Structures are given as C-alpha cells and as structure tokens.
Amino acid sequence: MEASRGPPRVKDKRAAEVQITAEQLLREAVQRQDEQIIAPTQKFADLEELTAFQGRKRTEYENYCRRNRINMNNWMKYAQFELEQKDFRRARSIFERALDVDSTSVQLWSRYIDSEIKERNINHARNLCDRAVTILPRIDKLWYKYVYMEETLGNIQGAREVFERWMSWEPNEQAWSAYIKLEKRHGEFERARNIFQRFTAVHPEPKNWIKWAKFEEESGTSDLVRNVYETAIEELDTDFADEKVFMAYAKFEARLQEFERARAIYKFALERMARSKSENLHKAFTTFEKQFGDRDGIEDVILSKRRVHYEQEVKENPKNYDAWIDFARLEESAGDVDRVREVYEHAIAQVPPTTQKRHWRRYIYLWLFYAVFEETVPKDIERTRQIYNACIKLIPNKTFTFSKAWLAFAWFEIRQLQLATARKILGTSIGMCPKERLFRGYIELEMKLFEFNRCRKLYEKYILFDGTNTQAWIKFAELERGLDDLRRTRAIFELGLEQPVLNMPELLWKAYIDFEEEERQFDNARALYERLLEKAPHVKVWITYAQFEIRAPDPGQEEEEGAEDEEKPVAESAKDRAREIFKRAHKLFKSQELKEERVTLLQAYRSFEAAHGTPETLESIEKQMPRKIKKRRKLDDDSFEEYIDYVFPQDDESAAKLAKFMANAQKWKQAKAGAA
C-alpha cells in the first residue's frame, strides 16, 4: 500500500484567482520573522555572586567538553571565557588539555598563540610558536605567525633563524619570497642574493629565475643580471627552457640600448626552441624589430616567422596545395630565386594519388604559377617552356584535362612570337581532349589575328564536336554577320534550328529573330514567330510576338523611319496586329483549358490596352479578367488540400447559356409527353 503511494495529486490545476509573486513571499517571510532573543545583561552585587556565576559556567563548559571532546569550538569557548575572567592560569590549562585531545588543530594553536601575544606574554608565545612549528612544520600559517612576531619585536636575527628552520623543509615559493622580502626590507642584499640562489635550486621554474634577474636589476649591476640569465639558460637546458626567460633577457638588453645583444638572444632562442613553444617569442621579436630594427630586419623576421608556419603545414599535410601556393608566394616576395624554385619543385613533386579531377584542381595551379614566375622574374624562357611541357605531359588528358594549362602555354608562345607553335599546341589540345573552353580560346586568338577563315573552320569543328551547344551556333552566326555575309548567317541559324537536340533552343530562336529584326526583315521575323509557335506555343512567345508587332512598322514604312532616338506613336495597324495575336493566343489557351497561361496572357493584354488602347478596349479586357476562388482536391493518400483556381466570366456565360438551352429542351420534352 505504501509502495504504491506516489506524489500528491492536484485535482484542480486551474490558476488561482489571486496570484502571488516570489518577491512577495520573500518579503512576508522576512516581515514575519521572530525577533532575536538578546540575553539580558547580568550585574553582580558582590564577589560571592560572581563566584557562583563562574562556577555554573565552568560546570557547563566542562560538561560540553566531556560530552564532545573532539569539538575544538567547545574548548576554545571555554578558554575564551577564562580569558575574559582574567584567569590566565586556567585558560592555559584549558588550551593544554585541548592540545592533548588534538595537537594538529591549526585554529587551536592560533587562538592559543594570539591569546599570549595579546596579554604580552612574549616568552610564552615564542615557546608556543616553537612547539607549533615543530609539531606542524608543513603549516605555513604558523610559520608566518612566528616570523611576524619576531620581526614585530625587532628580533631580526631571530626571524632569520626561524626562516632558516622553515627553509630546511623546502616550502613553497611564497615562503621563499617572504624570506627574500625580509632581507630586502633591512638592506641585506647579499643575503637576499644567496637566498635566491638556494630558491632557484629548490624551485627551478623560469618565473623564479626572472624574479632573481629583476632583483639584480633593481639592486645589482648589469653583469649580475646577465649572469643570472645565462645561468638560467644553462640550468633549464633545451627541454625545460621557456620563452619567457629569453624574452625577459632580450628586453633587459633592449632597455640598456644593447640592441645587437637583444637581437642575438632572440635568434639564439628561436633556433633552439620548437615552434609550438615559441609563438610569443616570435611576436616579441617582431615587435622588437619594428621598434629598433631597420626595414630589412623587420621583413626578415616576418618572413622567417611565416616560413616556419608554412613549413609546418606542408610537413603535416604534403597534399595541402593551398599551403604550397602561399609558401611559394612568400618566397617570391623575399626575392630569392633559388628558394622559390626549391619550393615549387617540392610542391609539384606532390602529385595527386588519384585520377579524379577534383584532386587536381588546386595542384595544376602550382605548375601555372611556377611557369609565370620563371617567365616574369628570372625571365628564363627555356625553363618556362620546359615547365609547360612537363605539365601537359603529366595531366592524364585521356581522362580529363585542364583548358587553362593549354591556353596558358599557347599564349606564352604568342608572347615569344612563336605563332606556329601556339597554333600547334591548341590544335593538339583540340585533337587530344576537345573542350568548349579550348575552342573558344583558339577562336579568340584567331579573331585577334583577323584570321576569319581559320575561325570558320574552328567553328565548324566546334559544332561537330558539340552540336547541342546553342552558344556555338549563335557565336558562329555573329561572326558571319560581322563579315556582312547575311546568307551564311541565315544558313547557320537554320542549321542550328534543325538540330534534334539543343541545350537551350529558345536562345537560338531569340538570336535569329533579333537578327531579322535588326536587319529590318520584319516579314522574316513574323515567319520565325509563326514557326516557333508551331513548335512551342508558350505564353511568353505569344506576348513577345505581340510586343514585336507593336515595334514593327507597316510594310510600306520601313524606308521612312527617322532617327532612332525620336519617339513615334504606335500605328493603329500595329495595334490591330498585336490585338489579333492576343486574341489568337487567348482562344488557343481557352480551348486547351490552360488557366494559368490565360491569366498571364490577359494581364499582358490589359497592360497593352492600358498603354496603347482606349477606355472601351481596356474595359472589355477588364471584363474578361478572372476571379480567384479556393477549392479542395483529393490527394492519393485520401487527404485534401486547398488550391487557387480561376473562374473566367466568359466560361460562366457559356455555362449559363448551356443550362438555359437544356432547360428549354426539358420543357419541350414534357410538353410533348403531355400532348401525347
């Protein structure tokens, strides 16, 4: 029964009518607290009454201590009571009894010593401190209290002896620092120097050596400071060396205007220490060179710092081609040609392990940058040619290729006035691994050389290679048009349109129509629009066709056109032709029940009438605009979804006429049946 009982159930979980905040709860709790009971002040009339009170309190404390001997608070309260009664003999007895119970209580020793010092019992306090540090030599608080008492009494030699006893236990760094500060306060710098020597032997951390060096800098000579730093470097050795020691040493020399010494220290440290342990040292060296060095020194520091960084990166991942590129750029900025070549040679030796192109994309840039460097900086043309040849041979051209490498090689030969070699390179690339970019680059080269017959042949090969490329047909036609060969231009467009597959045929149709329109062959453009509508009666084609008719002049007005920048009103015949196209399109989409296309067409038709029509024609189009309604349709999973449908006024009128016709037919049938 008890096991099945759970937490209390709240039957009514509705919010209470009167709400209360946490702040109100806390305020009421504080207000309703009972007042603390204050013990009344006792006044004693005579000695007998005081003696009776003391007896009661002593009996009470003795009972507390007897019931719980290990609770030091009871003993200390008892001793404090006797101290208040000025009975020091009893207080000492209580403290000694408590120490017999627990001689390791630091708080008890502190209270005992403080009570003796407060009553100026110095010898008692000294004896207690001696006993305490003998029993608890690892408790720093007792040593500090002992030393403070001796120094306060002016017994410096005694304090020094206490410190020596303490140092024999090899305490922490704060204890040694306190001993050194004692000697500094009393001007015993030689003693402090000896203590520092012992201190660094016990705690050979770098920060302690730096403390010693700062002490010598304040109270000694520069030679002593150098001896400290040199001893620290020797003692710490390479494994335990810290960059902070070298930085402090170099900064000390810089303060003495010994910049060459500081620079030598920085370089010595950077050569000995690992990169992972000397990041701040590099930063400090850079700052030093910026402050006290010349431009060459600053650049050398920055270069060496970044050089180490890139060497570490390429060592961890030899296939990190971005790191190799940055490394080479760094060496190029330094201007050392041999180092640049060395970096590039190591980089291009890291050939990708697979024949997947994505692994080669960054690698190929190493070859290209290498070739550009050889061509521009040392101007070693033969070496540049060898680099390009090696790059072309290394690429697995049967699997994939890089057009940028072939084109860069060809343009290099052009710059060397080797036109035949450049053509041979591009021809080899097209024969071995044809790509769209190679064709375009080769054609661009021949166009700049005004070799139009070669451009024609290249375009023919380009189209044979990829007949589905719409841009190839368009560019070929533009070439012929630029040469004023309109017959060949039309023939190229027609051949392109006859292709069974094109990646973007609408671009070719548009280019062909724009060509006829720019040549002011509007009848040809109309014929093209009609052919396009037979293949793809898209709503955008109809709208574009109508807009074309607005721009096209009447058949007899082509020669009467004035300047292009003069605005001329649209002829009524052009408006009628455009309306006829809109009506044809609307009739087609209505018969095919393509509502979205009808809406798009009517919106364009309305814009046309708003710009070029009359209020009556615009009103007639407004009457044909549909209205939106929400409908539901059933999906395959038996669920329903809402969608937007369009209802056209003409469809409503047709439906109403059909319903009226069917109603009349029904009445006629009923009348005929009644007559029979």
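Using N, Cα and C of the backbone, Cβ positions are placed for all residues, glycine too.
What TrEMBL says about a protein is an automatic prediction, not a curated fact.
Per TrEMBL, the features are as follows:
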type     : residues : note
DOMAIN   : 59-205   : domain 'Pre-mRNA-splicing factor Syf1-like N-terminal HAT-repeats'
REPEAT   : 72-105   : repeat 'TPR'
DOMAIN   : 225-310  : domain 'Pre-mRNA-splicing factor Syf1/CRNKL1-like C-terminal HAT-repeats'
DOMAIN   : 374-516  : domain 'Pre-mRNA-splicing factor Syf1/CRNKL1-like C-terminal HAT-repeats'
REGION   : 553-575  : region 'Disordered'
COMPBIAS : 556-567  : compositional bias 'Acidic residues'
Residues of the domain 'Pre-mRNA-splicing factor Syf1/CRNKL1-like C-terminal HAT-repeats' (225-310) by DSSP state, where helix covers H, G and I: 76 helix, 0 strand, 10 coil
Residue distribution over DSSP helix, strand and coil in the domain 'Pre-mRNA-splicing factor Syf1-like N-terminal HAT-repeats' (59-205): 115 helix, 0 strand, 32 coil
Taken over the repeat 'TPR' (72-105), the model's mean pLDDT: 87
